[in-house]
Amino acid sequence: MAFDFARATKYFLMWDFIKGFGLGMRYFVSPKPTLNYPHEKGPLSPRFRGEHALRRYPNGEERCIACKLCEAVCPAQAITIDAERREDGSRRTTRYDIDMTKCIYCGFCQEACPVDAIVEGPNFEYATETREELFYDKQKLLANGERWEAEIARNLQLDAPYR
């Protein structure tokens, strides 16, 4: 039986233990990748799909032209739209509802909209206490659009070369 000097040296000097200890110490002193979530927020992609919003033109007029493409393309059938004609011949929505309990956040509504009226904004913190609060009507969607307009416009501008 031959004596294995390399194996004995490795065993005697506890080389594996030293390598493991060194690796542990390297991670112990390195900066932590974890965010303290409620107090720190990480970056979001411009393509992030969060809470829905209806946008307005800079003059205050609603962008939605009641084409109902978003309603037709929604695979979850979460969008309901009623529309009427105006005196000038254009159409506008009288009712625009989204059932957020059905929504799967696929983004098809945003992609189908020819005037960028319906968008999925950057807000992902909209937990509710009751189910009824997840039924968004036109006023709630317009309020979301007004609240997040600056960030929505920036995200759409950043994503424009890829659309």
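Glycine too: its Cβ is placed from the backbone N, Cα and C atoms.
Listed features, source Swiss-Prot:
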type	residues	note
BINDING	Cys64, Cys67, Cys70, Cys113	[4Fe-4S] cluster 1 binding site
BINDING	Cys74, Cys103, Cys106, Cys109	[4Fe-4S] cluster 2 binding site
DOMAIN	54-84	domain '4Fe-4S ferredoxin-type 1'
DOMAIN	94-123	domain '4Fe-4S ferredoxin-type 2'
Hey, which bits of the same chain come close to the domain '4Fe-4S ferredoxin-type 1' (54-84), Cβ under 8 Å, at least six residues off its ends?
90-100, 102-104, 106, 108-119, 138, 141-142, 144-146, 149, 152
Taking the Cα atoms as reference points, how far is Cys109 ([4Fe-4S] cluster 2 binding site) from Cys64 ([4Fe-4S] cluster 1 binding site) in Å?
12
Over the domain '4Fe-4S ferredoxin-type 2' (94-123), what is the model's average pLDDT?
95
Per DSSP, Cys64 ([4Fe-4S] cluster 1 binding site) is which: helix, strand or coil?
coil
Out of the binding-site residues Cys74, Cys103, Cys106, give me the one sitting nearest to Cys64 ([4Fe-4S] cluster 1 binding site) by CA distance.
Cys74
Taking the Cβ of Cys109 ([4Fe-4S] cluster 2 binding site) as the centre, how many other Cβ atoms fall within a 10 Å radius?
24
Looking at the binding-site residues Cys67, Cys70, Cys113, which has the shortest Cα distance to Cys106 ([4Fe-4S] cluster 2 binding site)?
Cys70
I need the nearest neighbour of Cys103 ([4Fe-4S] cluster 2 binding site) among the binding-site residues Cys67, Cys70, Cys113, using C-alpha distances.
Cys70
If I restrict to non-local contacts, at least six residues apart, and a C-beta distance under 8 angstroms, what lies near Cys67 ([4Fe-4S] cluster 1 binding site) in its own chain?
Arg91, Cys113, Pro114
Secondary structure at Cys74 ([4Fe-4S] cluster 2 binding site), reduced by DSSP to three states:
coil
In the chain carrying Cys74 ([4Fe-4S] cluster 2 binding site), residues 6 or more apart in sequence that have Cβ under 8 angstroms from it:
Phe108, Cys109
